[in-house]
Amino acid sequence: MSKLYLELEGVFHYFDENGDGKISALELRNRLGLVVGDELLLKEAEDAVESLDSDGDGFLGLDDLVRLMESGGGEEEKMEDLRKAFGIYDTEGIGFITPKSLKRMLSRLGESKSIDECKVMIKHFDLNGDGVLSFEEFRVMMQ
């Protein structure tokens, strides 16, 4: 399994609200609505699922998500995707990933970590030693 596959598995589980191993258009709309702050219309979510659904079952599987991320797109698109991912972890909306926001996001993904454990995780990629991750540090971490 690739590193990307393992990283996307957690993201996939976040979108898969009911845990059935598939992302429906409704789940996609619900989660993206929370992530970007604007409600994604169900029709747009259905179109997205239809265009990415490789087996025609009307749902996105983990492999669909991995294929989408591996196919990439332009550099601008990759930066936008990184900004959206960063926004998921910046649960406090302050422009940084703090130990508290990391703990909250990991909890949503089913991972139970203490604040101290989150501080250690952040410290590993905290290039300037300020105890939080900026977008630039997050970008370096994701490469």
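Using N, Cα and C of the backbone, Cβ positions are placed for all residues, glycine too.
Keep in mind it's a predicted model, so treat the numbers as computed, not measured.
Some features that TrEMBL has for this protein:
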DOMAIN    3-38  domain 'EF-hand'
DOMAIN    40-75  domain 'EF-hand'
DOMAIN    77-112  domain 'EF-hand'
DOMAIN    113-143  domain 'EF-hand'
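For the domain 'EF-hand' (77-112), the residues of the chain that approach it from at least six positions outside its boundaries are 10-11, 13-14, 35-36, 69, 118-119, 121-122, 131-135, 138-139, 142, judged by C-beta separation under 8 angstroms. In the predicted model, the domain 'EF-hand' (3-38) has a mean pLDDT of 77.
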